[in-house]
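> Among the features that Swiss-Prot reports, L-tyrosine binding site is placed at 34, 169, 173. The annotation motif ''HIGH' region' is assigned in Swiss-Prot to 39-48. Feature annotation from Swiss-Prot assigns motif ''KMSKS' region' to 229-233. Here Swiss-Prot flags 232 as ATP binding site, drawing on sequence analysis. Under the heading domain 'S4 RNA-binding', Swiss-Prot lists 352-418.
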């Protein structure tokens, strides 16, 4: 099975320009290719991971990746299938975000070894050197307005309005391809399926300006089995930056993937062989309640993104919280595991009587209910059941001198911080 066949078998090929020519190029020698990442935030997220890992698979097959950080295009904003204009960021912010994204990409691509080691480029380096007049004369003249307006990504915005700034975005992305081909002999661009219009602007410019053929391959935009856009948890993006989405939160995200999606995601997001995945699928289908596919997915992706130690910590947090063993976890681990539960910062004037604190922290709705909860054995401090109505919270209840975990019943948690 050649690399293109494997990508197809994994569900990673959505659309290509001349497929036969692309397969020929990939099987006859080393291809230099690029994927672009606009710094629209200070971190990449799971939605980017499909293209990143596809790039890694091609590198493992001997091809040479260029990771392009859009320091210039990030200042403009991509209109593709967006309902409204993006807010423009300052140059300083975009450059700062660009540096962070460069660091994240080095986790996945090999920038050190071999003749196909990855290269990092930033399109700000060339766009900052081109005057507006030169850009119009040397690039803009190759694009007709009719051609630009025919793109689906633009058509959808004509009704609501699109600025010239965003309208010109596709020409900038097209020029990226031309520049990388001219300087580094890059002949293939990889990106999300929503980028098709911008990406083919690059092949058009190559054909007209340099009489060369470029290839484009898009990866699918991933949705779950209900059609919901993939990569968000509770409406929030799942970030690759551990400070924005902890390894535990990412682990839980994968653990909660639906049965109908789990095996498909193993093919897309892990480097397990297709034969290994077929074995997992067989075991998984025989006992779905054991969630083997989800557990494997969580292990593989968290290890890939954050490392083995982070995976082990996420697994330990999961197991200890499930067993109610709060005291076996550090304050930092508890902050990861209980990041979504109510948090109350204890004030110096607060009563430390347990019944009072249950009401103050919003765990019980009233003192009467709080007393009943304590007497009925429904209240736990750091995993220990407390039935003393006169119990006073003390330093002994502080984990690492930072927090106390209170649980009411089986599932209602609150964290007291000091």
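Here the Cβ of each residue, glycine as well, is placed from N, Cα and C on the backbone.
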> Using DSSP and three states only, what is residue 34 (L-tyrosine binding site)?
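SS state of residue 34 (L-tyrosine binding site) = strand.
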> Determine how many residues of the domain 'S4 RNA-binding' (352-418) DSSP places in helix, in strand and in coil.
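DSSP composition of the domain 'S4 RNA-binding' (352-418): 19 helix, 20 strand, 28 coil.
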> Determine the mean pLDDT over the motif ''KMSKS' region' (229-233), rounding to the nearest whole number.
70
> Going by DSSP assignments with H, G and I as helix and E and B as strand, what are the residue counts for the motif ''HIGH' region' (39-48)?
3 helix, 1 strand, 6 coil
